[in-house]
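A short worksheet on the structure shown next.
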Amino acid sequence: RPLCAMDWQVLTRELSLYLESQVRVGFFGSGVGLSLVLGFGVAYACYYLNSIAKKPQLVASNDRFCRFLEEYCPVVTETYYPTIWCWEGRVQTLLRPFITSRPQVQYRNELIKTADGGQISLDWFDNNDSSYYPDANTRPTVLLLPGLTGTSKESYILHMIHQSETLGYRCVVFNNRGIAGEELLTPRTYCAANTEDLEAVIHHVHSLHPSAPFMAAGVSMGGMLLLNYLGKTGRDTPLMAAAIFSAGWNVFESVESLEKPLNWLLFNYYLTTCLQSSISRHRQMLEKLFDMDLVMKARTVREFDKQFTSVMFGYRSIDDYYEDASPCRKLKSVGIPVLCLNSVDDVFSPAHAIPVETAKQNANVALVLTSCGGHIGFLEGIWPRKCTYMDRVFKQFVQAVFEHGNKIFSM
């Protein structure tokens, strides 16, 4: 029969007495064991509340932008409580893909042609059931840019779409060339510095819905690409605003951090194999221009970029490519409101490389820096299956821009 409330009380009391007796027996009949457990728990809780759970640092030179965020995106001023059992940056980075849920999203795929004869795969979430914006012509649109080897199937992209769906918005995911299952029609893929494909996608989406409010959000390399585009175009863009998450600000510092022994073991080697896997399917096409055997021998991201990426896009050296790909060098030229979220314990973007002083020189830029969160981690709650801190920042900022953006566009 089902247990009633009285049964649960009795069972809980007996279980507590049993556990207490076992702890005492295990420590030679004394209460030392229970005292140690309780003492450790109290000490850990104090350490967590004093050193781990903190309000993020909000960096912005524009008082109006700050007030706008405080009023319409208050999450950036609230204490961030990382998951108490996995707050360390590397752990958050590693666990997020396995812990977080994967909301179901039905996409409509579109392949668009590029000027050089290639093609780009776009995955649309039209949200035609939107009750807030039933008119597709004026339904707000969010362009999403995944990370280095990411696609529309990444859990963080699915969560952004889920958040947008509840607000009635439409989303379109920009998949970089050759990684979303489509054929590579030319011997060219993508990189963080070349914005031609992104420019084509933004123009295409805007031409389809010219009356719809339009903004973008980029994650990791997607955020770097978006920042480099914004630094190039200034105010000359149909985007109203942008959100950037876990961007690598200085590529030289990022690869140096990733080449430290532990980081190489946990992240660099795996990321390199992912890059190699993403191009191996197109080997026949790419062999026309590259020594693919040499590319496949790379054991670090730097080696891969030296043999493949920098060569593909015509850079004289890998240093020239990394300098051009670093968004910190273009931040002064950003001409629309941009919110950038980073964690200072992100090994992909070291804290000392985050351009705090440069951000203070551009009234359009706001940085939100958390003490924990790792790279695209930002887990919170005891069992962080659903919404993360990053997801909440995304939702509140996108809603703030679409519904109250007129209050910052006069900055």
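Glycine too: its Cβ is placed from the backbone N, Cα and C atoms.
It should be emphasised that the depicted structure is a prediction, and the values quoted were computed from it without experimental measurement.
As recorded in TrEMBL:
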type     : residues : note
ACT_SITE : S220     : active site, charge relay system
ACT_SITE : D346     : active site, charge relay system
ACT_SITE : H375     : active site, charge relay system
DOMAIN   : 140-381  : domain 'AB hydrolase-1'
TRANSMEM : 25-49    : transmembrane segment
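Distribution of TrEMBL features across the structure.
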residue: S220; record: active site, charge relay system; CB count, 10 Å: 26
residue: D346; record: active site, charge relay system; CB count, 10 Å: 29
residue: H375; record: active site, charge relay system; CB count, 10 Å: 25
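The average pLDDT the prediction assigns to the domain 'AB hydrolase-1' (140-381) is 97.
Cα separation, H375 (active site, charge relay system) to S220 (active site, charge relay system), rounded: 8 Å.
If you measure from the Cα atom of S220 (active site, charge relay system) to that of D346 (active site, charge relay system), you get 11 Å.
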